[in-house]
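A.B. asks: For reference, the structure I am asking about is given below.
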Amino acid sequence: MFRRARKSLHETLKDALHDTPSEGPVDVDFYRDFYSDLRDLNADEAAHHYREHGSREGRFRSRDHLDKAGPQMADFDPAFYRQYYDGIKLGSDEEARRHYQGYGAREGKYPNAAALISAMEQEQKTLPDDFTAGEYLALNGDLRRHLKFEWEAAFHYLRYGRWEGRQYRRWKDETVYDFEYLHRKTLHVYDMPDVVVDPQRPPTVNVLVPAFDFGSMSAGFFGVFQVALFIKRCGINVRLVMYDEFQFDEQLTRDKLKNYPGLEDLFDVLEFVYIGDREKPLAISPHDNCVATVWYSAYMARKLMNARGGGKFLYLIQDYESPFHPSGSLFALAEATYSFDYCALFSSKALQDFFLKKQVGIFAREGTNYTYFNNACSSVLKPKDEFIKVRQSGKKKRLAFYSRPPVDRNMFDLGALALCTAYRDDVFPKDEWEFIGIGLGEATVMLDEDCEMKQMERMNLREYQEVISTFDIGFCLMASSHPSLLPFDLSGSGAVVVTNSFGVKDQTYFDILTEGVIVCPPDVPALVEGLRRAVSESKDLDRRYSNAVAMKFPRTWDDTFNDEHELFMRTVFKDAIQQ
C-alpha cells in the first residue's frame, strides 16, 4: 500500500521549474522528437516555437535542459499514470514517462498514487492511518467488481465512501464500541453541533448544508443552493450552515463556484458559517427557522427548532432516502425523520405524489403544509440549423449512459447489462454509434470484446453544458420516484431518452413534461426494446428538435419558482419575517 508523500511532488516540480538554467541553444532534433505535437515543424520553425512559446510554456529545449530542470522521476509510477490518465493513449511505461516529462508535469498531473491521495487529503480530510485497500474492498463487496487497482480504493473512500458512511475496517471482538465510534456510525444524528440563542442575532433561515466536494457534487446541491437564494429573494435573511465535519475552504469554494452558472456570487448574497469543527456553537435568534436538506440534517433542524422553543422547520425532500440504506440503524433513523414536525418542499411532483400515496410519515394524517417545485435542468438546445447539420455530418451518433456504479439507485448493473445485450443483439448498427458514460466512478463497460464504453471525466457545470447537447440517445435509470434531472437535460437538448418506470413515475408523468422519453419497466428485455425504439426515433431530427423545443420542464431557475412558492415560503417562515 502506498503511503503519503514525504513532500508534495507538485511542490518539488514547482521548485524544479523555477530553477531553470540560463537560456542556451535549442536542440531542434530533440525538441521536435520529445514533443509529439511539434514533429511536423522544420528546424527553423522549431527554434522559433521555443523562443516564442516553448520557453514560456515550460518546455525543455534540449536533453541537457531536461536532465537539469525536468521533474524528478525517481518516484514516478508509470503503471499508475497509465491507469489514472487512461484517456491518454500511452502504449508503454516509457511513453508514460515521456508524456509526464514533456506534458504531464507542467499540466499538474499526478506522478504517482501518493501524490493524488495527498492532493485529495488537502482538499478534504486525511485518509485514516489504518486504511488498507484490501480491507475496504472486502467490507464493500459492490466495489470489488469496479475497482481494479489498489490506489482506487483509497480514492473511492476519500471521494465517496466517507460521505456514504462506508466501513473501511473490521471491528474485532475485542474492539470497544465506544461513544465516539457509535456516533460516527450513526452519522452524528444525536451529536450535532451545539445551538445557542442570541437575542442580538437578526431573524434568519438557516439552510443546513451537508459535507460536499466539487469532485462529486450532484444536482441535489444545486437545488439546495437555489432554494436558499429564492428564500433570500422572498425578503428573508438566509444563512448557509455547513454543520458536517469536512474540509471547508472558503476561497477554494468561491473559486469553484465561478464555474457553476447562477451560483457565482452565492457567498456574497447569502450569509454562511462553517461549524463542523465544533469550535463554536451555532448562534440563532429566538425567531430563526431552518431548512433540512438531507435526512440526517433533519436531526440538526429538530435540535435548532427545540433551542428556539419549538416550531416546524422546512424539509427540502429531494428523494425518499430511507432505502438508500439496507434495513438497519440508518434506515430506521432516516425513516423516523419523515414523522418529525415540518413543512415539506418536494423537488418534483412525482416525489410528492409518492409520499402522499404511500402516506409516508406525517403524510398519513391531515394538516401538513407542502408543495413541490421542479429543479431547473441544464439542457442546451442549439439553433435548429446547427442541430441538424452536426448530425448529418457523417460523425458517429452518441449515446449517453447514466453510469454511477457507487450509487445503487441508478441501477448501474441492470443498465450496463441491458446496454451490452442490446449491442450484441445488433440494436446499434455497427460502427455508427459511440457510447459515453456520464456520472461517478471509473467503471469500464465492455459492450463486447472489441467495443468499450468511454467514461467521461467529472465536469463542472459549464463543461457539462458544453457536452450535453451532443448526444442522440440518453439511457438513464433511477430506482426512485424522483425522475432525476439527466433525462430532462438530454430531452431538452434534442436526444431521445430511455428511462425506467418506478411507482408513480410512468409514461404519463413524462409525457406531461416532455415528449421523446421512452419509459420501460426495469427489466433487461424491456430496456433493450426501449433502446431499439430509441435508435429508430433518433433518425427523425425534425421531431427530436420539436420535442426539445416543446419541453415544459424548467430550463432556468427563473422558470422554476413562482408567486405560489413565494407565498409558501412567507407562510412557513412568517416568524422570521414578522420580526
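Placed from the backbone N, Cα and C atoms, the Cβ positions cover glycine too.
Sequence annotations record features per position, and here TrEMBL assigns domain 'WsaF N-terminal' to 205-342. As annotated by TrEMBL, domain 'WsaF C-terminal' applies to 397-532.
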A.B. asks: Quick one: average pLDDT across the domain 'WsaF C-terminal' (397-532), no decimals.
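C.D. replies: Taking every residue of the domain 'WsaF C-terminal' (397-532) together, the mean pLDDT is 93.
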A.B. asks: Kindly report the helix/strand/coil residue split of the domain 'WsaF C-terminal' (397-532) according to DSSP, in that order.
C.D. replies: 48 helix, 33 strand, 55 coil
A.B. asks: As a quick check of your reading of DSSP, tell me how many residues in the domain 'WsaF N-terminal' (205-342) are helical, how many are strand and how many are coil.
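C.D. replies: The counts are 50 helix, 27 strand, 61 coil.
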